[in-house]
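Straight from Swiss-Prot, the features:
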BINDING   L162, R163, K164, R165, G229, E230, R231, L232, R233, A234, R235, M236  heparin binding site
MOD_RES   M143  methionine sulfoxide
REGION    80-255  region '8 X 22 AA approximate tandem repeats'
REGION    158-168  region 'LDL and other lipoprotein receptors binding'
REGION    210-290  region 'Lipid-binding and lipoprotein association'
REGION    278-290  region 'Specificity for association with VLDL'
REPEAT    80-101  repeat '1'
REPEAT    102-123  repeat '2'
REPEAT    124-145  repeat '3'
REPEAT    146-167  repeat '4'
REPEAT    168-189  repeat '5'
REPEAT    190-211  repeat '6'
REPEAT    212-233  repeat '7'
REPEAT    234-255  repeat '8'
SIGNAL    1-18  signal peptide
Amino acid sequence: MKVLWAALLVTFLAGCQAKVEQAVETEPEPELHQQAEWQSGQRWELALGRFWDYLRWVQTLSEQVQEELLSSQVTQELTALMDETMKELKAYKSELEEQLTPVAEETRARLSKELQAAQARLGADMEDVRGRLAQYRGEVQAMLGQSTEELRARLASHLRKLRKRLLRDADDLQKRLAVYQAGAREGAERGVSAIRERLGPLVEQGRVRAATVGSLAGQPLQERAQAWGERLRARMEEMGSRTRDRLDEVKEQVAEVRAKLEEQAQQIRLQAEAFQARLKSWFEPLVEDMQRQWAGLVEKVQAAMGTSAAPVPSDNH
């Protein structure tokens, strides 16, 4: 009887443990606080949103996902999305560093160090996701047609853990970027603690976004792409307007230069005409006097020649 009760107790405890594990497996995952920003934020956030959407699709482990996992297509897609995210993040960080020039050197160095650490953690999380999927591919290929149900369950568990860590580190990176951006906007020499005190509204805004992320998570990718296209179109129109304004300024400058050159040319012509008139007034009397002297000399020569040409009277008549 004791043995029977012990067996029943073990069976009951095993059933409870299985229910607990099933509840843990089916527990919904928290969404990223700043996912709303991925839909309407910076370019690196949009790239991270695409990585997030693709990872969520992989996590479904549908038949199509399992087929593509056996090839290198999934890891190639993740690699491209990772590279795009880190590239856009690096460009955004460089842009903020240029704006942070007026801030004290010590503050800027501390902010940059914290931001680099958060950026490295996010990159490591994405690299772990890719590495785990590559490991799963190798394990499945090594099974040689055997059941891979246990491998899929283990992969799903790892992906949930990695996804939660990715959420946490991406949220931390966004907060640190907000600190960095606030320092660039502030442009004053103050410590990191003083800047963080001014970020209370941003933290509260993140909580509000976390409360509304459930409704935003279901927004179709097409709508987000259209919104991104509209922002890009608006930016292109703004750049075109600036270019036209710059061309108008250049045209005005060219017109001013042409007017100045024409004015200077007119002044040079007037000066040349005045100088020519002055020379004429100087030399004209001399020329007239030389002409009179020459005419008188010619008359004298002609008179002298006429006298010498007259006939001499003869003595024989």
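For all residues, glycine too, the Cβ spot is worked out from N, Cα and C.
Feature map: annotations from Swiss-Prot on the structure.
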residue : record               : DSSP class
M143    : methionine sulfoxide : helix
L162    : heparin binding site : helix
G229    : heparin binding site : helix
R235    : heparin binding site : helix
If one takes Cβ-Cβ under 8 Å and requires six or more residues beyond its ends, the residues near the repeat '8' (234-255) are none
Measure from the Cβ of G229 (heparin binding site) and count the other Cβ atoms within 10 Å, all protein chains considered. 10
The residue listed as 'methionine sulfoxide' and R231 (heparin binding site), distance between Cα atoms, whole Å: 49
Which residues does the residue listed as 'methionine sulfoxide' neighbour through Cβ under 8 Å, counting only same-chain ones at least six apart? L151
Report, as numbers and ranges, every residue of the chain located at least six residues beyond the repeat '3' (124-145) whose Cβ falls under 8 Å of a Cβ in that stretch; write 'none' if there are none. 51, 55, 58, 69-70, 72, 74-75, 78-79, 82, 85, 151, 155, 158-159, 162-163, 165-166, 169-170
